[in-house]
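Structure, as C-alpha cells:
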Amino acid sequence: MSTSKLVVAMDGPSGTGKSSVSRMLAQRLDARYLDTGAMYRIATLHALRKGVDLTDPAAIADATAGLPWSIGTDPAGEQVLLDGEDVGEEIRGDAVTKAVSAVSAVPAVRELLVAAQRRLAGEAERIVVEGRDIGTVVIPDADVKIYLTASAEARAQRRNAQNLAEGRGDDYAAVLADVQRRDHLDSTRAVSPLRPADDSVLVDTSELGIDDVIGRLLLVVSERTGAGQ
C-alpha cells in the first residue's frame, strides 16, 4: 500500500452508515480519521450546558468562541473531550441531536470549527475526514471525494434500530420525521448547505451492507490515487 499523502473527504446525510464506513475505510487505508460531526456536537453540548438560547446566533457564537474541547483521530476508538471530560456518549443523546443543526448553522461556529478541521487534516499524513461539507468547503482539494446517500426511510430504519439496541425505545415515525427535518435544515442553510461536490463519487447505501460499501470505496480510492489495494 502507498504511504504517500492522502486525504479522503466523506460527506453525506446522517444515517447512511457514514461514520462506521469512514472508520473502517481509514483502518483499511492505514489512515487517521476525523469525525467533524462530533466537533459540532461538542459545540452544541457546550451551548446547551451554558443554557444558551438556540434561536440566538450571536449568543451561540459567544458561547462557543473559547470552546474547551479536543478530539482524537484514531479510527480504532473515539476520544472527544469537553472541559477534560469524555463526552462521547452524551454528544450522541437526543438533546444534542435535536439542537446540533441550529448550532452548526451559525457562521461563527462553522468558521471556528472549519479552521480546526483543516489544521487537523493538514497535520495527518493520511486521513479520512467525515462530515457534510468536507469536499465542498473544508477540503475542496481532497484527493478523493465520496458522497454517501440513502433514502430517508432506510436511514430512519437504521437509526431506529440503533435506538432499540441502545434501549431508547421504538418510534420509527418520530425518527423518520427527525431525519426529514434535519435533511431540510442541512440542505437549505445559508452557510455550507449539504450537497455533493461536483467531483464527488456518489454511493447509495440503501441496499448495501457495510462490507459491500467498503469494497466499493477501496476501489474508488485505488482508481483515483493508486492507494487502497
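From the backbone N, Cα and C atoms, a Cβ is placed for every residue, glycine too.
Some features that Swiss-Prot has for this protein:
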type    : residues                                                      : note
BINDING : Gly12, Pro13, Ser14, Gly15, Thr16, Gly17, Lys18, Ser19, Ser20 : ATP binding site
Neighbour count (Cβ, 10 Å) for Ser14 (ATP binding site): 22
8 Å Cβ shell about Gly12, Pro13, Ser14, Gly15, Thr16, Gly17, Lys18, Ser19, Ser20 centroid, ATP site members excluded: Val21, Leu148, Ala150, Arg155, Thr205
Assigned conformation of Ser20 (ATP binding site) - DSSP reduced to three states: helix
Greatest C-beta neighbour count within 10 angstroms, which of the binding-site residues Thr16, Ser20: Thr16
For Ser14 (ATP binding site): DSSP state (helix, strand, coil): coil
Around the Cβ of Lys18 (ATP binding site), the count of other Cβ atoms that are within 10 Å: 25
Gly12 (ATP binding site), number of other Cβ atoms within 10 Å: 27
